[in-house]
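Notes follow the structure.
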Amino acid sequence: MLGVLLVLHGSKIPEWKDVGIKYAEYLSRYFNLVEFGFLEFNKPTLSEALSNLLAKGANKIVVVPLLFATGTHFKRDIPRLLGIDGDEKKIQYMGKEIEIIIADPLGFDEKIGEVLVKRVNETYNKNY
């Protein structure tokens, strides 16, 4: 069964968790098993979120980093926190082999660009 794991950076500001909750709720319309976890500062951690998916029966996990570009978090921290060694895409969980695939960062996307235009216009109209 497919599990989706959203990865957020995390912040000392508690409201960051609301973003994870909203994106998880949105993706739950399309996928049965969706969890989110943070790289730092907030809970659930990536490890906790992964454990939740596995406990619910996921045996294939697509990890979706809510990051704009590749960097240390993408290349080193996410795999390490998920227990992935090197180029391996599998972990062991309670005697079972679990496949984990990490999606590319968001990068450039015109739909995200449209959101940025909307934010600029909203902010401008609110303040001028």
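Glycine residues also receive a Cβ, built from the backbone N, Cα and C atoms like all the rest.
These numbers come from a predicted model, not from an experiment.
For His9, the entry in Swiss-Prot reads active site, proton acceptor, with the evidence type sequence analysis. Taken from Swiss-Prot, the feature Co(2+) binding site covers His9, His73. The substrate binding site annotation in Swiss-Prot covers Lys43, Phe68, Ala69, Thr70, Gly71, Thr72, His73, and the record cites sequence analysis as its basis.
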Diameter of the substrate binding set by C-alpha atoms, the set being Lys43, Phe68, Ala69, Thr70, Gly71, Thr72, His73, in angstrom: 23
Separation of alpha carbons, Lys43 (substrate binding site) and His73 (Co(2+) binding site) (Å): 17
Separation of alpha carbons, the residue listed as 'active site, proton acceptor' and Thr72 (substrate binding site) (Å): 12
Packing count at Lys43 (substrate binding site) (other Cβ atoms within 10 Å of its Cβ): 10
